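S.K.: Got a structure for you, questions after.
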Amino acid sequence: MKQYIFFLALIVLVSTFAEAGKKTEILDKVKKVFSKAKDKILAGVEDLNNMSELGCPFIDKWCEDHCESKKLVGKCENFDCSCVKLGGK
């Protein structure tokens, strides 16, 4: 219940500033905050992609070793290891 009252008060406060001619300043500040958040998220995604590129050789090697222990051939695609039997015997 307290959250609803807080958000109602926040809406009233924002609308009061908007009516007072400060609408563009508030909107600019909100846009800047969302822009910074977007940049941080995109940087995090880029870091995650870089880590996955570094991790692929380790996962490929693990997959090959895992399948070799089963006397199969290992193939790793998109972090999914699949063991394939060669030869039909």
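Glycine too: its Cβ is placed from the backbone N, Cα and C atoms.
Here Swiss-Prot flags CYS56-CYS76, CYS63-CYS81, CYS67-CYS83 as disulfide bond. Swiss-Prot lists 53-89 with the feature domain 'BetaSPN-type CS-alpha/beta'. Taken from Swiss-Prot, the feature signal peptide covers 1-20, and the record attributes it to sequence analysis.
Quick one: how deep are these features, and who are their neighbours?
M.R.: Mapped onto three states, the DSSP output places CYS76 (disulfide bond) in strand.
When secondary structure is read from DSSP and collapsed to three states, CYS63 (disulfide bond) falls in the helix class. In the shown protein chains, 20 other C-beta atoms lie within 10 A of the C-beta of CYS63 (disulfide bond).
Long-range neighbours of CYS83 (disulfide bond) (same chain, six or more residues apart, CB within less than 8 Å of its CB): HIS66, CYS67, LYS70, LEU72, VAL73, GLY74, LYS75. DSSP gives CYS83 (disulfide bond) a strand state.
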S.K.: Which whole-number value in Å describes the distance between the Cα atoms of CYS63 (disulfide bond) and CYS76 (disulfide bond)?
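M.R.: About 6 Å separates the two Cα atoms.
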